[in-house]
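The next block holds one structure in the form of structure tokens; read it before the comments.
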Amino acid sequence: MKQTLLNLSANGRLIAGLLVNLLSSICIVFINKWIYVHYGFPNMTLTLVHFVVTWLGLYVCQKMDIFAPKSLPIRSIVWLALSFCGFVAFTNLSLQNNAIGTYQLAKAMTTPVIILIQTTYYKKTFSTKIKLTLVPITLGVILNSYFDVRFNMLGTVFATLGVLVTSLYQVWVGAKQHELQVNSMQLLYYQAPLSSGFLLCVVPMFEPLTGDGGIFGPCTGETHTHTTLVSASTATVLFSGVVAFLVNLSIYWIIGNTSAVTYNMFGHFKFCITLVGGYLIFHDPISINQALGILCTLAGILSYTHFKLAEQEEGKSRLAQRP
């Protein structure tokens, strides 16, 4: 009875974490889009603001005794922080140099690359059933982006580097939590300021500081005075930082309590939800190919969930039968 209650409690926390990530991730997409369109705020600088606010949020949490910081050597997380900066930089470069379809197709390759990294370097095994669930998911992404896939040399290089660095980052998020024996808040508390410092050095290479599109440049807008627009943009950017705090924390929590592969599967689910939400709420058109792609992706995700839960139950049964 006690074990059943513990399982229910653990499942409840996992569902809550997934819901927080789902809602905050969808919310941040629409807030960021609003910021880009209405205020012309630069993309990577916004990411820098997000991580600074994330660290401030964690600082407040530790002052409220929500978690206790654990002293970590900087050298143990420097590659994690650098991989985050690479993930942000190469993802943006991929988006800038590729069509949306090519960008989405490249992102879908993160899951098999994660499996390859974990199998090769971390000696983690995946059943054939789990690997086969990648087939309908990849097919679904291809159907969603087929008519917008256009390859070019520079875009392909950035997309490939983006997939590799993103995969490494997500694998390391889980590996470092287990290796250093820390929870998601404790690890992110150290990684957030370190990544912010690295991003501060990287941002000027990709985005202007002044002029159009620069953080110190003029805000875009036609119906508001400059002061009102600056106040509105500042408030919106800070609000997006608060939402990003929830996104970042839930990503670390999900990967730490499940795996990088499970988080990626959930990412595909969020992509489908975003497409369906755009159709239902904003009446964005969905073609037959996209509808089939969504169904294929959801079928793969449901299959992965079913097989993963079955394997977990089988593992628990084996442990229970041991003398």
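Positions of Cβ are set from backbone N, Cα and C atoms, glycine also.
Quick look at what TrEMBL lists:
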type	residues	note
DOMAIN	23-304	domain 'Sugar phosphate transporter'
TRANSMEM	12-35	transmembrane segment
TRANSMEM	41-60	transmembrane segment
TRANSMEM	72-93	transmembrane segment
TRANSMEM	99-118	transmembrane segment
TRANSMEM	153-175	transmembrane segment
TRANSMEM	187-206	transmembrane segment
TRANSMEM	235-255	transmembrane segment
TRANSMEM	262-282	transmembrane segment
TRANSMEM	288-307	transmembrane segment
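Long-range contacts of the transmembrane segment (235-255) within the same chain: residues 14, 17-18, 20-21, 24-25, 27-28, 31-32, 34-35, 39, 41, 46, 49-54, 57-58, 170, 173-174, 177, 183-185, 187-188, 192, 262-263, 266, each at least 6 residues beyond the stretch ends and with a Cβ under 8 Å from a Cβ of the stretch.
Looking at which of 72-93, 99-118, 262-282, 288-307 has the most CB pairs under 8 Å to the transmembrane segment (187-206), the answer is the stretch 72-93.
The transmembrane segment (99-118) makes contact with the transmembrane segment (153-175): 3 or more of their CB pairs lie within 8 A, with pairs spaced 6 or more apart in sequence. In the predicted model, the domain 'Sugar phosphate transporter' (23-304) shows an average pLDDT of 83. Same-chain residues lying 6 or more positions outside the transmembrane segment (72-93) and placing a CB less than 8 Å from one of its CB atoms are 43-44, 47, 158, 161-162, 165-166, 168-169, 172-173, 176, 179-180, 182, 186-187, 190-191, 194-195, 198-199, 202, 206.
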